[in-house]
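Swiss-Prot annotations:
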BINDING   HIS118  chlorophyll a ChlzD1 binding site
BINDING   TYR126  pheophytin a binding site
BINDING   ASP170, GLU189, HIS332, GLU333, ASP342, ALA344  [CaMn4O5] cluster binding site
BINDING   HIS198  chlorophyll a PD1 binding site
BINDING   HIS215, HIS272  Fe cation binding site
BINDING   HIS215, SER264, PHE265  quinone binding site
MOD_RES   THR2  N-acetylthreonine
SITE      TYR161  site 'Tyrosine radical intermediate'
TRANSMEM  29-46  transmembrane segment
TRANSMEM  118-133  transmembrane segment
TRANSMEM  142-156  transmembrane segment
TRANSMEM  197-218  transmembrane segment
TRANSMEM  274-288  transmembrane segment
Amino acid sequence: MTAILAKNEASSLWARFCEWITSTENRLYIGWFGVIMIPTLLTATSVFIIAFIAAPPVDIDGIREPVSGSLLYGNNIISGAVVPTSNAIGLHFYPIWEAASLDEWLYNGGPYQLIVCHFFLGICCYMGREWELSYRLGMRPWIAVAYSAPVAAATAVFIIYPIGQGSFSDGMPLGISGTFNFMIVFQAEHNILMHPFHMLGVAGVFGGSLFSAMHGSLVTSSLIRETTENESANEGYKFGQEEETYNIVAAHGYFGRLIFQYASFNNSRSLHFFLAAWPVVGIWFTALGISTMAFNLNGFNFNQSVVDSQGRVLNTWADIINRANLGMEVMHERNAHNFPLDLASVEAPSVNA
């Protein structure tokens with residue numbers, strides 16, 4: 001009898017725990033994805049803060065020339081970063097217990113891999129948690145679908161690109177100037193500005209900003225007056241009210257006359273779907289572009305200059321881009337190799353002639 005009561009009590013405790021985890025009445029929804037998300041994101045955030053402040057220099061290129069990234073080693077908020085794991089480690093899984101000592105782990109940039117792996121798990125679980133909460137509330141799943149765009153982008157620069165290039169040292173540094181350095185080197189090595197998927201991503205981001213500003217300004221300009229001149233227009237809206245707070249017909253008429261009739265949406269649902277889908281699809285394409293360039297399927301190149309009938313080069317914008325790319329590549333890892341790969345791969349002339 002005692003065993004049965006103990007079993008029922010344990011079962012009841014587990015049932016209460018499950019109910020609490022999946023309850024939509026909590027101030028913050030946890031969910032089963034949250035059980036993984038919370039510790040992974042807390043770990044990534046804690047290690048990032050500690051490493052950004054106090055991590056020792058990292059031998060990023062694997063040539064015994066450490067690069068400092070933390071505040072205590074001479075950097076500021078702009079120049080500071082968590083430096084990627086050493087090229088000497090490559091793609092090997094490098095937890096603390098794989099290193100001979102903590103000093104070796106820090107010297108080889110172990111914190112970067114720890115942060116990136118936990119961050120990746122955390123944001124994936126955050127996306128799953130969005131879907132889980134939507135499911136339990138009876139909502140459609142598009143919030144998680146929209147969030148998949150930044151998840152795909154982060155996965156591309158932190159996971160797929162290092163895999164394609166053969167080393168976590170090629171991942172994006174975790175800092176402001178490190179991000180810009182990553183972008184410049186990416187352009188030098190892959191000519192990303194001439195990749196169609198990057199162009200679609202630019203159209204998605206800037207187009208999304210434009211459409212968001214247009215929508216917000218149209219709605220704000222066509223609010224239904226509910227207040228006096230001495231009150232804020234925001235006081236005219238009560239949370240949960242059934243009435244429309246703006247006149248979509250007026251906004252539609254204004255924009256249709258400003259551009260042309262069919263440039264304006266007359267359906268609020270299709271309008272908001274478009275506002276969500278445009279930047280999401282653009283960022284999906286950018287992430288796909290990064291993922292293909294990770295394996296050196298690069299942007300268009302025009303390495304063969306345009307020449308006239310006499311063989312003289314006719315300088316074009318492509319020549320300027322090529323020179324800029326070579327210049328950026330020369331500055332990158334200047335102590336690891338003497339020339340950019342484009343120049344080093346040229347066959348040397350014979351000296352026996």
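Glycine is treated like the rest: Cβ placed from N, Cα and C.
What you are looking at is a predicted structure, and each value in this text was computed from that prediction instead of being measured.
Among the binding-site residues TYR126, ASP170, HIS215, GLU333, the residue whose Cα lies closest in space to that of HIS118 (chlorophyll a ChlzD1 binding site) is TYR126. Counting Cβ pairs under 8 Å that are 6 or more residues apart, the transmembrane segment (142-156) and the transmembrane segment (29-46) reach fewer than 3 and are not in contact. Cβ proximity to the quinone site centre (mean Cβ of HIS215, SER264, PHE265, cutoff 8 Å) flags the following additional same-chain residues: MET214, LEU218, ALA251, HIS252, PHE255, LEU271.
Long-range contacts of the transmembrane segment (197-218) within the same chain: residues 251, 254-255, 271, 274-275, 278-283, 285-286, 288-289, 292, 299, each at least 6 residues beyond the stretch ends and with a Cβ under 8 Å from a Cβ of the stretch. The 10 Å shell around the Cβ of ASP170 ([CaMn4O5] cluster binding site) contains 22 further Cβ atoms across the protein chains shown. Take the Cα of GLU333 ([CaMn4O5] cluster binding site) and measure to each of the recorded positions TYR126, TYR161, HIS272: the nearest one is TYR161. With a cut-off of 8 Å between CB atoms and residues at least 6 apart in sequence, the same chain places ALA251, HIS252, GLY253, PHE255, GLY256 near SER264 (quinone binding site), listed in sequence order. The shortest Cα-Cα distance between HIS272 (Fe cation binding site) and any of the recorded positions TYR126, TYR161, ASP170, GLU189, HIS332 is the one to TYR126. In terms of local Cβ density within 10 Å, GLU189 ranks first among the binding-site residues GLU189, GLU333. Other Cβ atoms within 10 Å of the Cβ of the residue listed as 'pheophytin a binding site', summed over all protein chains shown, number 19. Around PHE265 (quinone binding site), the same-chain residues at least 6 positions away in sequence with a Cβ under 8 Å from its Cβ are HIS252, LEU271, PHE274.
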